[in-house]
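Got a structure for you, written out below as structure tokens; questions coming shortly.
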């Protein structure tokens, strides 16, 4: 019998991150010592009080059977308290919270709940490639909103084609931004919410890096007037609490969006292990100093790395205003970021993420993650220094 995958599977975009790290695995098989600054995988451990909460909860027999389909009230109440404490936003834990098994799962579910075949989704370019996966599975169409450095990597809503707006039903925003490290303020969110309301577009704000803005406290989209009228915010435990492997996230916002998400997930999942929910609750209610300390560590790494690159390589980089990524231009001797990243892997055994993974506007950039200790960052620079690449000419011709 011939097994024939569905048309949806056949039309899925390439999983670019998987392809990049497949190359890394192949190189590691040769015995090479790889310095991986490509993946946004936090290198520091989950705080002990969170791990201990999971350990204790795992011994609780009440969590060993099926739990509530839509999550335990104690976690939703902790989420509401967290949003009130951090952003001054009031969340109804019963009607305005949905739980996910990770941010990627959340993006997928939200697209399935908000898009019909033929609808248009507005996404940033460059932007997180997983937005495209859910849009494709919903059989919707993609419209790219270009992000440019001169505009602070914020989309210009006024330049979106009116014909596109007639069919647009969903817009993704993401600040602090992956991959550029740009941030948005309350005024921008107010403008975005008003625009979405005017054109009847659902707005999903991906707040995965919400803990990491360096000059001031990040604003939540939900602080904006009309935010709950038009959309929801997706928050991940992965970066804020060093819990990437735990696969936990949540959405908060418009109760009709949350209701649709919960109804969808009722047919796909049977809740989340109660021990994980207990640990997540401990994370949200714990001492905020953990996150502040983590932010200081990333800022120190960014300052150290960018200064070292300029001093030793002549490679000038704009420091990110948020996240833990450096968005760096590539030398003009390379045509694409894929070509540059492949060259670094082959000749220096270091990994960066090609900017093209995030869209065509990333062709001349790579994303470098500050998820390694300073000794590794120094070794990364030392290895590239031996290649004698013309970073100086990059500055002269591109600025």
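For all residues, glycine too, the Cβ spot is worked out from N, Cα and C.
As listed in Swiss-Prot for this protein:
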type: BINDING; residues: 103, 104, 128, 178, 209, 236, 237, 238, 247; note: pyridoxal 5'-phosphate binding site
type: MOD_RES; residues: 239; note: N6-(pyridoxal phosphate)lysine
Which residues does residue 239 (N6-(pyridoxal phosphate)lysine) neighbour through Cβ under 8 Å, counting only same-chain ones at least six apart?
40, 42, 208, 209, 211, 212, 324
Do any residues at least six apart in sequence from residue 128 (pyridoxal 5'-phosphate binding site), in the same chain, have a Cβ closer than 8 Å to its Cβ, and if so which, in order?
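Result: 172, 174, 178, 179, 206, 358.
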Return the count of C-beta atoms lying within 10 angstroms of the C-beta of residue 247 (pyridoxal 5'-phosphate binding site), excluding that atom itself.
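Other Cβ atoms within 10 Å of residue 247 (pyridoxal 5'-phosphate binding site): 17.
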Might you list, by sequence position, any residue in that chain lying six or more from residue 103 (pyridoxal 5'-phosphate binding site) with a Cβ less than 8 Å away from its Cβ?
206, 208, 234, 236, 238, 249
Under a criterion of Cβ-Cβ distance under 8 Å and sequence separation of at least 6, what residues of the same chain contact residue 237 (pyridoxal 5'-phosphate binding site)?
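Those within reach of residue 237 (pyridoxal 5'-phosphate binding site), by Cβ under 8 Å and sequence separation of 6 or more, are 243, 246, 248, 249, 280, 283.
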Around the C-beta of residue 209 (pyridoxal 5'-phosphate binding site), how many further C-beta atoms are within 10 angstroms, looking at every protein chain?
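A count of 25.
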